[in-house]
Each structure stands twice: as structure tokens, then as C-alpha cells.
Amino acid sequence: MVCATTIASLIAISSYFGAYLPADFAKLRSFNPLGIINRLAILQVITLPIAASWAIYEKEKLTRTIATGLSLILALSFILINFLPAYIPLSLALIFLGVGALRVKLTRTQQGHAALLAIFVILFLVIRFVPQVARGTLSSWIIAKDTSQSEQQQIDTPKEKTVPARAAWDIAASAIGKRALFGTGPGTYAFVYTQLKPRYLNSGDDWSIRFDKSSSEFTDIVATTGILGILAYLIFAVVIVRFIWTLTFKSQNTIVYLPLSAGIIGYIAANFFSVSSFANASVFFIVLACLTTLAKISNEEYVFDVTVELAALKNRFAWFPIGTSQILKTEPGTKGQKSQILPALFSVIVVIVTATTLTYQVSAYRADYYYRQSLLAARGSDGNRVVGFLQQAIAANPRVDAYHRALSQTAINAAINLSRQPNLNDAQKQLLGQLAQVAIDQGKAAAGYQILPLKLPGISAANVTNWEALSGVYQAIIGSVQGADVHATNTLAQAISLDPQNPILHSQLGTLYRRLGNLDLAQRKFEDSIVVKGDYGPGHYNLALVLIDKKGDVARIASELTLAKQFLPAEDPATGDINKKLEEYNKKAQEQQKQQQNQQNQQASPSPSASPSPSPSPSPSPEEEPSPSESPSPSPGF
């Protein structure tokens, strides 16, 4: 296990410096066998204390030398990764290791190896974190450099983006408030995140990312499993920590248990600061099993066997072979012979569960294979093969909504391309209708739209992506299929209810309303888009267009165009139109302002009274009629 982690660390170090493996998928500076570099750092939290303990306490010189080399490789890789949430659990594990070592007096040789490890670790830290040293060493050693990045960005290892810790706790608290007891269920964090993410996340750079994991394993458990899940996890962690504490500080074999115990402590602490993975959890349980086995071999009183027996009423199951068959052997006991029927039943259950699991796994693997083949076929623009592979994937595993959604998107794209061809014959028109129907049916199968009860395999009604895709299908056939406009607005509104803080969805619904001629609702949705994200450029631009269509307030139009120009990137296609309209409405606003000032000046200055003219006979002079004053234009929204 330690050797495997070291090999993964060597590959990560090689990738960091740009010495990639031959495969195309490995040409990433963060590449490692675990996939995500953050997970490798958590795995090193478990294995590094074990390797360091061997390097210090092992008596055989060869083993101690090998362990020292492994420890240094793990430490160098860990420091180069520089994953902050992993430093805290590793520090706790090393502190636990040091406290446990106080019960054992180190020899001079052991003290020397500990000092050697400390010196090299300090050297690695200096190379990584002192800017002048890092630029002179790490930066110059990197082979494959990205000229678009700064020197500091090249020194940093690219890491997976995660939910900010504050937002993760806010989401977890909101989830507990909605479903306190059981939560939303394991593996549903992606749905929890979109529904409950706080609005202040839209002010960051990662506002458009839909995270499927929380920032830590514990906040993920809080958000998805509720109070029962929290209690179960905390009880599990407390029992393990108590067991480790007893073995380490109340046993005479402290030095035997200390390395494994430190690794376990590090992993438990890491779950409060980072997310885990199947590989990390598997290593954790392997280490825990090894620790328990060592304690059992050492005859610790804290580890004991539990015997489970099967009891039955006498003569009630005479037809069942209990202890009479040669296959189901018996063994003598204090109360007579004991039947081995329980192990046999347990074996049968294990075989059934294993067979069922293997069947499911084979189907899932086949479906994933066909889905990947469809993606490869899509690169070659082979639509028939794409559809064929997706149909095979759905047949192999219809429970995955992504397969239905992909087939829906493929069908509607094919229909759009076919509709652009001139002079379609009857067969092509029939195919066009079939493709549109397939797109609708598969989109409904993924989202569960108009399907009751929601028990069909593959339905994921809580996945906002399915509703977006289905709305896109209906929008593509507006004008060709009756009622498509209603379904398009309904499905997109449902998507907004599942992701209410997403300005893109609000803007899309506003665009749809504008397309359908409902300018009031369009204006409201564009305003919603800039409410949830004030610097959302497309929302300001689309709002300006709606106000232009409604002949709204000129000053507000100019203001929205100005904000759109400010927030949209300079290379955005709408920049030219924004500049043109902004110049036009700035002039209109200035002219309007001048007119208002002139009117105000005329109203403020009194007109001179007419002097009486001599008249042979007195006659009343006609009174001057007052000019009507311009009533103020109503503000938008009233």
C-alpha cells in the first residue's frame, strides 16, 4: 500500500515537472493514477506517517533505508501538491505520532533518522515556499511550460476546484433545515448544491460551476444524510478514535500500533477538511483491518471474537437438514453438537449478493463503454453510430439519465441539421418528425416531465441539467409542434426552481418570453438575472433590448448598455451592437436632458407683463392662455 502510493507520487512528481507518460490523457501537470491530485494528497496523509515510522523505528538497515526513501518521495510530492486542507490532518497525524513516540525512548540511531527526515522536509519546504528559491529551482526545472501562465502559476500544481468552506457549511445548514432527519440521500449533493447555494457565490470566479461534492466529507454527509447520518458518522469516528487511543496509550505494544493509528487519525481528520474517494476509503478500511488484526494477534483484551448462532424451535424444521447432512458439518459444544447451518446460509447470501452486484457492474461497464464509443463517434460526425451506441448504452443500463439526455440532444441536433436542407421529400419529413419525437421522449425520460409516477428507470427529476436540455428541445420545435412554446416555458421554469441563483437560466427564460412576444415577463426575468448576479453582462444587455422594444426610459436604456459594456468581455460578439446603441441612446439622453432643462427654465422665469396701450375708448385686454406644462413620464415599473 505504501509502495503503491509512492509509485503514484513518483508519477505525480514527473507530471509536475512536465515529464509526462506517453499516453495523451497523461499530458497534464496534475496527472496521477488517482485522477484528481487532491485525492492523492489525502492518500499521502494516511501512508506518510506509516512510512516515516518505519524509517525511524525499523531495526533492519535495508528496510529502514527503503522506508526513508519512500518517506522522502511521499513528502516531496505532498509539498509540491500543496493542498491546504491536507496539511491540517497530516499535522494532527504527525502530532499523534510524536505524542505516542514519547512513550518509547528513541535510540541515537532512531534519533538520527528522525533528524534526517526533518532536514529533508525543511529543505523541500524552503524550495517550494521561498519565492526566490522556487523561481531558481522549481520554475527552471519544469520542462513543459505554459507561456500563458505566470511564473507563480506554473509553480503551483493545478488542483480540483471545490466549494468554498463557508458556502459548504451554509448549504449543509440549509439542507438540515429542509430535510432534518434523513437528508436528501447519499450521492445527491449535486442537486442540493444547485437548489441551496447562497447568492454570494455568484460574485466569485467559479459561480457557473455546479459542484457534485462538498468541500469536505463531513459537510457532504450533513447535507445529504441528515441528523441520522451525522450521528452515525460521529459515533463511528468516536469508536475508532477511542479504540486507537486505548491501543496506543494503554498497551505495552505501542510501537506496533503507532504507525497505523497515526494514518487512521489523519484520514478521520481529513474528512472534516476535504472530500474523500473510493480509493482513499478503501485504504482507510484496509489499514483499520490491519490494526485490528495486529491487536488480535497480540492478544489485546480490547479485541475479542463474537460467536453468532442460529436458534430454532425443536421439531419445527424437521424437513430442513440441520446438522444431519454431510455437507453441513457439526462441531461439539457444551450443550451438544452445534450446527453449521448459519455459515452455510451466510455463504448462500454472499453468493447471491455477489452475483447480483457483478451483474449490475457488468451492465454498468457495458453501458459506459457504449457511451464512450458514442462520444468518440461524435468527434467523427457519424450521427448514425452515435445514435446506435447511445441506444445500446440505454439498453444495457437504462438507469442513467445522462444516456437519455445525450440521445435526446443527438436527435434534436440531427433534426435541426435536417430541417436546414432545402426541398425535403416525404421520407425526410417523416424522419424529421421521428427525430423530434425521439428527442422529446428521451428528454422526458431523463427529467420525468409529464410522467407519473416517477418510477421509470433513468428519471432524475432533481437534475436541473435534464430540464435545461428538455426545454432546449421544445424551443427548437416552436412553430412546428403545437404547444411547444408552453412546454418550453414550463420546463425552463422548473429548471429555475431547481437552480434559482443561476442568472443564465433567468436570462434564457427572458429570451424565450421575448421571442414569444411577452415583453413584460421578459423584462422581469432579465431583471431577475441581474438581481442574482449584479455583474452579469448578458442580463444587462438583454434588459436594454427589451426596454428598447418597449420604448422605455432612454436614460435607463443607456445605463443598462453601459453596464453591459462594462461587464461583458471585449471580444464578446455583442460589443459592436452595444457600442452602436450606446452612442445612439447617450445622444437621446442628452437631448432629452436638454429639453427638460429648457422646460424647467421656461417654467422658472416669469413672462413680462404687457404695457397698456393708449386707446380712444377703454376696452378690456384679452387674457393670455397658460401653456400646458409637460407631465413627468412615469418611471419604469409603475
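Using N, Cα and C of the backbone, Cβ positions are placed for all residues, glycine too.
Now, the feature entries from TrEMBL:
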{"type": "COMPBIAS", "residues": "581-591", "note": "compositional bias 'Basic and acidic residues'"}
{"type": "COMPBIAS", "residues": "592-608", "note": "compositional bias 'Low complexity'"}
{"type": "COMPBIAS", "residues": "609-621", "note": "compositional bias 'Pro residues'"}
{"type": "COMPBIAS", "residues": "629-638", "note": "compositional bias 'Pro residues'"}
{"type": "REGION", "residues": "581-638", "note": "region 'Disordered'"}
{"type": "TRANSMEM", "residues": "6-25", "note": "transmembrane segment"}
{"type": "TRANSMEM", "residues": "37-57", "note": "transmembrane segment"}
{"type": "TRANSMEM", "residues": "69-102", "note": "transmembrane segment"}
{"type": "TRANSMEM", "residues": "114-131", "note": "transmembrane segment"}
{"type": "TRANSMEM", "residues": "221-243", "note": "transmembrane segment"}
{"type": "TRANSMEM", "residues": "255-273", "note": "transmembrane segment"}
{"type": "TRANSMEM", "residues": "341-360", "note": "transmembrane segment"}
Residues from the same chain, set at least six apart from the ends of the compositional bias 'Basic and acidic residues' (581-591), whose C-beta lies under 8 A from its own:
544, 548, 554-555, 557-558, 561-562, 565
Should anything in the same chain at least six residues away from the transmembrane segment (255-273) have a Cβ under 8 Å from its Cβ atoms, list it; otherwise answer none.
42, 45-47, 49-50, 52-54, 57, 85-86, 88-90, 92-94, 96-97, 100-101, 104, 216-218, 237, 240-241, 244, 247-248, 280, 283-284, 287-288, 290-291, 294-295, 298
Among the recorded stretches 6-25, 37-57, 69-102, 221-243, which has the greatest number of Cβ pairs closer than 8 Å to the transmembrane segment (114-131)?
69-102
So which of 6-25, 69-102, 221-243 is most in touch with the transmembrane segment (37-57), counting Cβ pairs under 8 Å?
69-102
In the same chain, which residue numbers or ranges, 6 or more beyond the ends of the transmembrane segment (6-25), come under 8 angstroms Cβ to Cβ?
31-34, 37, 40, 43-44, 47, 51, 70, 73-74, 76-78, 80-81, 141-145, 157
